[in-house]
Amino acid sequence: MTKTWPPRTVIRKSGGLRGMRTLESALHRGGLGPVAGVDEVGRGACAGPLVVAACVLGPGRIASLAALDDSKKLSEQAREKLFPLICRYAVAYHVVFIPSAEVDRHGVHVANIEGMRRAVAGLAVRPGYVLSDGFRVPGLPMPSLPVIGGDAAAACIAAASVLAKVSRDRVMVALDADHPGYGFAEHKGYSTPAHSRALARLGPCPQHRYSFINVRRVASGSNTAEVADGQPDPRDGTAQTGEGRWSKSSHPATMRATGRAQGT
């Protein structure tokens, strides 16, 4: 009988870090390692960059990351404590920042998929298999699997989610100093009531995404749109859901963070 990959593995989300390693361990046993996890932060924000991280965790270094979990379930303090540990113990990691203008130009989904491809391509160690959080990532030169709720089911995805979240939060704090009055340090660019009030008072800044209807509504001086605040405008071509890729000449000028653990 022909074997297929990945194997049918039971993911026990309540099993702590050991449960999160089940799928990765099965892939390693099948000779498909190293296994990279990839995740993004900032899809739903109406301001600030979309941040994508890829991370490879070594099987022998997991004990140092006992507190690892989905970044959304961790406090800011816990994420900040985990961030340097992940950078230290990861076999490799790479973080890509996609500016708001590029998100507007290509659409959130296309930008997200391209960011995942670029994050994986930027790893110092070539993975044998890639696990992504929920989204299929076409165009990778190695096999991959989208895992629904992956940041709570696979340790490498959880690590990538922490890297992306902390990296983006730090950028938003810095942008708060560059663009005072919007409260970026507090809401991180998401559409909170405080952000909406500041946006109405000050108007959009260069960090806002004009493909989001609440930003466009303020920019145009119109308040008659019936599309929910903080969502991409479905009437706008930039809100497409296709899986297109950018040409080489149109890759966004992004900031990057790359690392490889010492001794690997």
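Cβ atoms here come from the backbone N, Cα and C positions, even for glycine.
Positions annotated as divalent metal cation binding site by Swiss-Prot: D39, E40, D133. Around E40 (divalent metal cation binding site), taking its Cβ as the centre, 27 other Cβ atoms fall within 10 Å, counting all chains. Classification of E40 (divalent metal cation binding site) by DSSP places it within a strand.
Positions annotated as domain 'RNase H type-2' by Swiss-Prot: 33-224.
Residues annotated as region 'Disordered' in Swiss-Prot: 222-264.
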Taking 10 A as the limit, how many CB atoms besides its own sit near the CB of D133 (divalent metal cation binding site)?
24
Cβ-based neighbourhood (8 Å from the centroid) of the divalent metal cation site, residues D39, E40, D133 excluded:
V38, V41, V52, A53, M116, S132, G134, F135, G150, D151, I157, A160, S161, A164
What number of additional C-beta atoms lies within 10 angstroms of the C-beta atom of D39 (divalent metal cation binding site)?
31
